[in-house]
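Q: So Swiss-Prot has the following annotated:
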- 1-10: compositional bias 'Basic and acidic residues' (COMPBIAS)
- 1-263: region 'Disordered' (REGION)
- Ala2: N-acetylalanine (MOD_RES)
- Lys9: N6-acetyllysine (MOD_RES)
- Lys21: N6-acetyllysine (MOD_RES)
- 39-49: compositional bias 'Basic and acidic residues' (COMPBIAS)
- 75-89: compositional bias 'Pro residues' (COMPBIAS)
- Thr75: phosphothreonine (MOD_RES)
- Ser100: phosphoserine (MOD_RES)
- Ser101: phosphoserine (MOD_RES)
- Ser108: phosphoserine (MOD_RES)
- 117-125: motif 'Nuclear localization signal' (MOTIF)
- Thr124: phosphothreonine (MOD_RES)
- 125-134: compositional bias 'Polar residues' (COMPBIAS)
- Ser126: phosphoserine (MOD_RES)
- 184-197: compositional bias 'Polar residues' (COMPBIAS)
- Ser219: phosphoserine (MOD_RES)
- 332-373: region 'Disordered' (REGION)
- Ser333: phosphoserine (MOD_RES)
- 347-362: compositional bias 'Low complexity' (COMPBIAS)
- Ser353: phosphoserine (MOD_RES)
- Ser355: phosphoserine (MOD_RES)
- Ser372: phosphoserine (MOD_RES)
- 378-518: domain 'RanBD1' (DOMAIN)
- 515-567: region 'Disordered' (REGION)
- 534-544: compositional bias 'Acidic residues' (COMPBIAS)
- Ser539: phosphoserine (MOD_RES)
- 549-567: compositional bias 'Low complexity' (COMPBIAS)
Amino acid sequence: MADLANEEKPAIAPPVFVFQKDKGQKSPAEQKNLSDSGEEPRGEAEAPHHGTGHPESAGEHALEPPAPAGASASTPPPPAPEAQLPPFPRELAGRSAGGSSPEGGEDSDREDGNYCPPVKRERTSSLTQFPPSQSEERSSGFRLKPPTLIHGQAPSAGLPSQKPKEQQRSVLRPAVLQAPQPKALSQTVPSSGTNGVSLPADCTGAVPAASPDTAAWRSPSEAADEVCALEEKEPQKNESSNASEEEACEKKDPATQQAFVFGQNLRDRVKLINESVDEADMENAGHPSADTPTATNYFLQYISSSLENSTNSADASSNKFVFGQNMSERVLSPPKLNEVSSDANRENAAAESGSESSSQEATPEKESLAESAAAYTKATARKCLLEKVEVITGEEAESNVLQMQCKLFVFDKTSQSWVERGRGLLRLNDMASTDDGTLQSRLVMRTQGSLRLILNTKLWAQMQIDKASEKSIRITAMDTEDQGVKVFLISASSKDTGQLYAALHHRILALRSRVEQEQEAKMPAPEPGAAPSNEEDDSDDDDVLAPSGATAAGAGDEGDGQTTGST
């Protein structure tokens, strides 16, 4: 055991020193020479049995202090003792060079005594899990590419670990939401798509196969080249390359995918694609950017195309029709407006030239809605304009004495009630007669607003007038409708009623006195010889004349009583 422990130290120390060197130090030819040694298949075959059966060797391996880095850099270890190692130390050396467990970190190559290769278990789990298992997929992929644990093809113990320290720890991380980089790498493509759909075989053909048998077919020089290329890449680049390779595989053979992935193959499903969208897709595919993936983000393309279509349609619709514009070109009735204006011009010959000029100015080729409306109203408004006519009422030769607002009622004999004729202006006019210069008076009443004549009567001596109440006067007058005498009632304010009654009573008394004077003038003068003829005849004449005088006196008393009562 002492000899075995002495031989372990030079075999285990080189991986520790070489791990701190530059990662791409070994050349492909040197790796090929190391992998062609004869005892490595046997040591690799014995690895599963000796890993758990020698805990003391693992303890010695864990407690062994590392050598200083300066010594390892100055004096590299000779490869001769490695060829003479027994199977157990060579197994430890190959295991430390090939890779460590994901939980190890920097001390993973020291704790390889209890190591059991979980290669197939992690690879099968990556097939069933969804995108959160990208870290496990990457770790399993990197473990397969350097052929260290596959059927004796492991290089010598001096080969450094092909995985970065960040990838040796299998820590679950959230999905990266950054846009994938345009750089395409064909080395790392997981065996499952982004949505859990299995990718076709030709897409994953560029990547090393997941089974140990297919990995054994590859030469060690190719494996070394891939190790050097993979060690130079960063983990973020690997993630972006995974996404870009998936997109490239989807481009190559989209028809082979049996499951549905949302947002893919929109060109085959949607029939609303224009040539502009196709050209935009070709330009995007020819000039990929870092923000948008190449020809896969169809939604942004459709949004931009819909915005362009909306702007184009808005421009086209704005050029087509605007409400209220060019009415003279669309409407078939403008000639009617011209006819109306011509008719108005015929009626008003004086304003003919001005109206024609205004109509021509108001109807240009392209006029606005307000202008056309103003022209229409101006053309139709001429119909309502009436010529100024001198008003003749027939009262021009008369002088107005009294004017008042009142209501006029007429008495209906059949119904024995008062019927209203209307409400308006009552005027009392005086007119000098041409014969002897006597006054002739009349009452004229017209309705308010329409000025319809509802009362027109002259004053005569036998006209009856009395004051029915403080605010009403009852008179007899001629009716204009049936040309007969009817009883009318004038209702007004108390002041106007008193003034009207006094004026009417004064004029009627003057007419009566005039009639009496005419009667006295017509009576013949008595002869002087016939006067003392007979007393009986005189007494008889006195008896006949007395009733007439009494009646006349009674009538005079009634008139005086009415005048005093009215005043």
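Positions of Cβ are set from backbone N, Cα and C atoms, glycine also.
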Q: How many neighbouring Cβ atoms, not counting its own, are there within 10 Å of the Cβ of Ser372 (phosphoserine)?
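A: Result for Ser372 (phosphoserine): 21 neighbouring Cβ atoms inside 10 Å.
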Q: I'd like to know the mean pLDDT over the motif 'Nuclear localization signal' (117-125).
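A: The average pLDDT of the model in the motif 'Nuclear localization signal' (117-125) works out to 48.
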Q: Can you tell me how the residues of the domain 'RanBD1' (378-518) break down into helix, strand and coil by DSSP?
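A: Taking the domain 'RanBD1' (378-518) as a whole: 32 helix, 64 strand, 45 coil.
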